[in-house]
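Colleague: Below are the features listed in TrEMBL for this protein:
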- 21-46: transmembrane segment (TRANSMEM)
- 52-81: transmembrane segment (TRANSMEM)
- 93-119: transmembrane segment (TRANSMEM)
- 131-156: transmembrane segment (TRANSMEM)
Amino acid sequence: MGNKSVRNNQMSLERKIAGSLTGYIKGQAIIVILNSIIFLFILNIFKVRFALFLALLTGILSTVPIIGMGTAALIAFLVSVFDGRQLLFIPPFFEGIMLLAVYLILNQIIDLIISPLIIGKTTGISPLALFLSVLIGSLLFGIAGMVLAIPVLIAIKSFLELGNNGHNSY
C-alpha cells in the first residue's frame, strides 16, 4: 500500500510541476509578444529600417537574461545609425544613443515590473518570490542561475504544496 501511495504522490507532483512549467512557458510567450509589440512601436517611431524583424528579435532575445536584450539593443542601435533615416535633425549616432536609452528604460520596466506580474499570474507564484529567486539564482550561479531559478522555484513550490495537502510520503 505504501508503494502505491508513493507512486500516486510522484504522479501528482509531476502533474503539478508540468502544469506550472506550462504556465511559465505561456507567460514567457506573452512577454515575447508584448516586447515585440512595444519595440515595434518604438522602432517605428525612430523610423528604423527592418523594424518588424528587429522587434521580433528583441522579443525573442528578451528571454535570455542580461545578454539577450543587450544584444537586441546593440543590433537596433547599429541599424538605426547606419540605415540613413533620421527622426530628428541630429546626427544619426545621437539618435542611436536615444534609441539605446529607450531600450534600457523599457527593458527595466518590463523586466522588473511587467514580467514578474505576468509570470506570477501564469504560474501562481508571487512576483516578489519570482524576483528573489532570480536574484538569488544569479548571485549563486550567474546567468545559469537566472535561467534555472524560476523552474527550480516551481518544482520546490509543487513539492511543498504536495506535502501540505496531507501527502507526506516523501
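Backbone N, Cα and C atoms are what each Cβ position is placed from, and that goes for glycine too.
Any TrEMBL annotation is an automated prediction that lacks curation.
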Colleague: I'm a bit unsure how to read this: which one of 21-46, 93-119, 131-156 has the highest number of Cβ pairs shorter than 8 Å with the transmembrane segment (52-81)?
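Modeller: The stretch I would name here is 21-46.
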Colleague: In the same chain, who gets a Cβ under 8 Å from the transmembrane segment (131-156) while lying at least 6 residues past its ends?
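Modeller: Tertiary neighbours of the transmembrane segment (131-156) are 17, 20-21, 24, 65-67, 112, 116, 119, 123, 125.
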Colleague: Taking residues 6+ outside the transmembrane segment (21-46), which of them lie with a CB under 8 Å of any CB in it?
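Modeller: Distant contacts of the transmembrane segment (21-46): 52, 54-56, 58-60, 62-63, 72, 76, 80, 87, 95, 98-99, 102-103, 106, 110, 114-115, 118-119, 121-124, 150-151, 154.
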